[in-house]
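Q: Let me begin by handing over the structure; questions about it come next.
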Amino acid sequence: MKRISLIGGTGSIGVQTCDVIEQHPDLFELEAYAFGTNVEVATEWINRLRPKYVSATSIEVLEQLKPRLTYEPLYFIGPEGLKECATAERADIVVTAVVGAVGLEPTLAAIQAGKDIALANKETLVTAGHLVKAAVKEHGVNLLPVDSEHSAIYQCLNGERREDVSKIILTASGGSFRDRSRDELADVTVEDALNHPNWSMGAKITIDSATMFNKGLEVIEAHWLFDIDYNDIEVILHRESIIHSMVEFKDAAVMAQLGNPDMRGPILYALSGPKRLEIEGNKRLNLKEIGKLHFEEADFNRYPALRLAFEAGRAGGSMPTVLNAANEVAVDLFLNGQITFLEIERLVEDAMARHEVIAEPTLAQILEVDRAVRQQIQQGIEGGE
C-alpha cells in the first residue's frame, strides 16, 4: 500500500489523482489532502477518500468545509498547512499538483522529510531547480514527472544510458490560438483563450498553453529533470497531442511515447511505475482512426514566450524565477480583464530586462525576487503603465 499526500486537490491534476487513487484502493491510500478555496470539490473527494490530514487556504474556507464532512480529520491552514500535508508522517509520496510558485516550499519540505515527489508543479523546478536537485540527491528520494511530456521522456529513457541521448523533443499542441496570426491575437478574449483544442485543464495552464509559456516552463523543467543542456532541447508543434514527447539517441534512433490525451496515465505511472495499471475510461489509441499526425516548427517569432523561456533558462540563476513570477501575475491580470493577451508577453519581457541575475540564489533570495517582481508589475498596472 502506497500512502499519498496530495497538494492541490481541487485542480485538474488533483481531481484526476483522486480518481486514480479511488480506482486502485488495494494499492493507494490518500493520507493528506491540501486545497485552496473550492469547497464543493474538496468536500466530495475528502468524504470519498477520507484522508487523515486536510488543509485549506484560510480559516474561513475551513469553516465552510467542516460541517460538510462525514468524519473528523486533522485540520491545517495556509502555507504551513501545505507543509504539514507534504510532510505527513505516513506518506510515501507527495503529488504536487498546486499551481504556481506556492508549490516550492512544501515540495522542498517533503524532500527534506524523505518523501518521493510526483511533480506536477513545474514552477518548483523552474524557480529553484538547483535547490531541488541538491535536496533530492542529499535525501535520496525520487523525483518523478507528472507532466505528460516529461512522463513521456521518462518512459522513453527507461533502460537507456544517459550518455546515449542526443536530444529530447517536447511536443506542443500550439494552444487555443495555433491557427491565428500574431495580428489576430490583439483582441482575443479570455473565453477564446480558455477553449483548448485537446486538453481539459485549469485556467492558468490553459492560458499558458495559448501563449506557449507553458511549453517554455516545460523546457526549463526538462533541463533539470533530465540534466540536459538547453541546446539539446527542441520544441515542435504537434496539433493532435498524440505523441507526448520524444528522445533522439546518438545512433539517430528516436523513441516516442504515444497515447490519447488523458492525464491519468502520467499520474498513474508516477505512482506505480514501472508497473503499468489499467485506468477505467481511458480510451485506447486507434491510429487507423487518426490517420495522420502533423508536425510543425515552433517559431520563436510567432511564440515569443518560447524565446523568453530559453533565454531565462540559459541565463540561469534567478532569471527563471522572474519569468515565472511575471507570467503568473500577467495571466491573472489577463483573466481579470486588466490587460490584453499580447501584453502578457510584454510584461514578462520587461521584467526580465530589468532584472540583474543572482547566479546561485538561496531559497530566501528566490522568494524575495518572486515577491518583488509581482509587486513591481502590480504597481505598474495600478499606476497606469
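One is the number of the first residue shown, and numbering goes on along the chain from there.
Cβ atoms are placed via backbone N, Cα and C, with glycine included.
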Q: Which of Glu63, Glu72, Glu80, Glu218 shares the Mn(2+) site with Asp147, Glu149 per Swiss-Prot?
A: Glu218
Q: Select one of Gly174, Gly175, Gly202: the residue that Swiss-Prot places in the NADPH site alongside Thr10, Gly11, Ser12, Ile13, Gly36, Asn38, Asn121, Glu123.
A: Gly202
Q: Using a 10 Å cut-off, grab the number of neighbouring Cβ atoms around the Cβ of Gly36 (NADPH binding site), all chains included.
A: 19
Q: As a test of the contact definition, list every same-chain residue at least 6 positions from Lys122 (1-deoxy-D-xylulose 5-phosphate binding site) whose Cβ is closer than 8 Å to its Cβ.
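A: The list for Lys122 (1-deoxy-D-xylulose 5-phosphate binding site) reads Asp147, Leu217, Glu218, Ile220, Glu221, given in order along the sequence.
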Q: Could you give the Cα-Cα distance between Gly202 (NADPH binding site) and Asn214 (1-deoxy-D-xylulose 5-phosphate binding site), in whole Å?
A: 12
Q: Rounded to the nearest Å, what's the C-alpha distance separating Thr10 (NADPH binding site) and Asn214 (1-deoxy-D-xylulose 5-phosphate binding site)? Just drop the number here, would you?
A: 20
Q: For the C-alpha pair, I'd like the distance in angstrom between Gly36 (NADPH binding site) and Glu149 (1-deoxy-D-xylulose 5-phosphate binding site), rounded off.
A: 26
